[in-house]
Amino acid sequence: MFSRDLTIAKYDAELFEAMQQEALRQEEHIELIASENYTSPAVMEAQGSVLTNKYAEGYPGKRYYGGCEYVDVVEQLAIDRAKELFGADYANVQPHAGSQANAAVYLALLSAGDTILGMSLAHGGHLTHGASVSSSGKLYNAIQYGIDGNGLIDYDEVERLAVEHKPKMIVAGFSAYSQVLDFARFRAIADKVGAYLFVDMAHVAGLVAAGVYPNPVPFADVVTTTTHKTLRGPRGGLILARANADIEKKLNSAVFPGAQGGPLEHVIAAKAICFKEALQPEFKAYQQQVVKNAQAMASVFIERGFDVVSGGTQNHLFLLSLIKQEISGKDADAALGKAFITVNKNSVPNDPRSPFVTSGLRFGTPAVTTRGFKEAECKELAGWICDILADLNNEAVIDAVREKVKAICKKLPVYGN
């Protein structure tokens, strides 16, 4: 029998110390990685609940194990809330991650060797959209589209490639593109060549839920997302679709038993909480602020003479090219890290450096907005970053910025009392 008094602190001091240090890092450092955010205590409570004990292969009302009557309630709540949130007729809340949701979509609708048309990783796409190092690029014939000289998707080029290669599926989505996707145009191109349209909205799902970014569900045959990032929930995946009995059946079979075994019901419970939070009026205000903050930061970099890819942002992220400054993303990342500002190095279009070094940085504002930053704080923060980028080896500037970061983080904590 387990005692409820047996805590990690009492049982595993070494592990607890690492966890405490990570908690301190999150409070004292400014988080600008576009794919990161802070979950609510309720989301974390669900992930640490007794639901982690329950195996539940199958779907609500149709399980391969007994004793699933209560996890059925949990999972159905998540399904119903996801459908309401995104205006979908179908939702599968079982994918363990966004990449696994994407893999399930391919498994459901494609055969090995089929042609897919997705955005190049080097131009802002995602590994799972056909990159050669990913299973999506190994199992399928992946054709890639990119951005033009203005940093925008060239839809005429997408259409030309679609007509030339006749893909079975067109993938719309990104990991580093700061503008709004034209889902209607993607739909028209897909219809022209008889392709499925698959939208991966992992980065902008929270914006979509709040109505501050176009909803792809009415246009796509299938939509996937992660449940963290802008959606601010647990790390996990989600598949959505309009009513189509054939596609729904294929998607369910592809997730289980095709790609996964038992679902993680404790994570699904956390997803249910996340969806409920996203249905509240204050979530829309939060997402509106996320975009305002990203635009405020981008404007400062442009004013200071830096190149923002595509000239600005209409969502939660933007890419900063450092080619003109002859600075590597790796070195810039390290210097900012010393000032307690967490970013990620990122390849930029026509990047002369390797993906392990890069010539750019990716910035995102979901996490800083969660802790209360508004435009004024974000502009000030962007100015501090510019000061460091002006001379990566100026330790005095780095030290001064670090003290400012610690002060503003203390003023605007992630988790209050």
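Placed from the backbone N, Cα and C atoms, the Cβ positions cover glycine too.
Residues or ranges marked as (6S)-5,6,7,8-tetrahydrofolate binding site in Swiss-Prot (evidence: sequence analysis): Leu121, Gly125, His126, Leu127, Ser354, Pro355, Phe356. Residues annotated as site 'Plays an important role in substrate specificity' in Swiss-Prot, with sequence analysis given as evidence: His228. Taken from Swiss-Prot, the feature N6-(pyridoxal phosphate)lysine covers Lys229, and the record attributes it to sequence analysis.
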Margin query: With the (6S)-5,6,7,8-tetrahydrofolate site defined by the record as Leu121, Gly125, His126, Leu127, Ser354, Pro355, Phe356, how many Å span the farthest pair of C-alpha atoms?
Written below: 17
Item checked: Structural state of Phe356 ((6S)-5,6,7,8-tetrahydrofolate binding site), classified by DSSP into three states -> coil
Next item on the list: Determine the most Cβ-crowded residue among the binding-site residues Gly125, Pro355, using a 10 Å radius around each Cβ and all protein chains in the structure.
Entry: Gly125
Next item on the list: List only the single closest residue to His228 (site 'Plays an important role in substrate specificity'), chosen from the binding-site residues Leu121, Gly125, His126 by CA-CA distance.
Entry: His126
Check: Least buried of the recorded positions His126, His228, going by other Cβ atoms within 10 Å?
Finding: His126
Next item on the list: For the binding-site residues Leu121, Leu127, work out the Cβ neighbour count at 10 Å and name the residue with the minimum.
Entry: Leu127
Next item on the list: For Leu121 ((6S)-5,6,7,8-tetrahydrofolate binding site) and Lys229 (N6-(pyridoxal phosphate)lysine), determine the Cα separation and express it in whole Å.
Entry: 19
